[in-house]
């Protein structure tokens, strides 16, 4: 799947460039793009380190265990294959909470920690497990309570109501997230039927 | 109410960090060394992501710089228009899963256009679309890349389809709520 998408992006890009005369841009893009990839990764070090450090404190202080107890019913329903007392569950809950709060880029490092824990439960290390697909579905739909970045930019452009977007975002992400969870289950069911 | 909300988003991060530290200290956790110990993992994770992000960013940059992204957006915009997504913001919905920065730039562009400030219907719609979704392609690359998953199964389909639903949900939410909150 990823092989195909990757190939299509390149080949369609190169063929389009032949017709639009943007070949020099594409040549540039190949070099600039890889540079950007490295810069992005290096930039992530700061935010990942910060949140992993803070999460370690929260975990040792028992905050994650408390959060897990509160959100356990929801998480158990969404991730039936993850044992309730497994570290993966704590990481998933932390990731969901960060997504909800919309704090900076905190959700990504916590999500990566959850992926790492889920991989320990995964029998086939090459292939995404059911729980991993659900985690991805929730993260790509990105349920958000307070869209901090967008509010900040709205302020910058002299919005009279920069936070008006909180309500609309809440409705839109709630719908998007519910849809993602339903689609996740639907495609899993189709996947099972195809391979059964 | 609005002042409270903007303070909330500003205060959230510092308050959260402070709470974690105070809570840890009160529970007798050696907070400094525990932080450092946890933060160590950040380096390894980020380094592991380099090859995956290089691969994906190059492909996406080639695709957009060649003009292919623009053509794709032009082809798909009528479909979104047919679904009541205004032509002015339809490209934002299509860009959002592929390029977070591209979508953000598009939102700012709408804010800057005369008569389409952040508080207009289009401005609200662009803001909501930007806030209610995420860069699906990168999330998949980064999350699966960090643990070496190569077979994504149905995850991409689910991500892109739910992005599509989020776009429609944004139109619905803005039409529904803009009347109530005097945008």
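Glycine is treated like the rest: Cβ placed from N, Cα and C.
All annotation found in TrEMBL is predicted automatically rather than curated by experts.
Residues annotated as domain 'Nucleoside transporter/FeoB GTPase Gate' in TrEMBL: B:46-149. As annotated by TrEMBL, transmembrane segment applies to B:12-29, B:49-73, B:160-181.
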(request) By DSSP assignment, list the helix, strand and coil residue numbers for the domain 'Nucleoside transporter/FeoB GTPase Gate' (B:46-149), in that order. (result) 78 helix, 0 strand, 26 coil
(message) Which residues of the chain, 6 or more past the ends of the transmembrane segment (B:160-181), have a CB below 8 A from one of its CBs?
(response) 80, 83-85, 93, 96-97, 121, 124-125, 128-129, 132-133, 136
(request) For the domain 'Nucleoside transporter/FeoB GTPase Gate' (B:46-149), would you mind checking the mean pLDDT of the predicted model? (result) 89
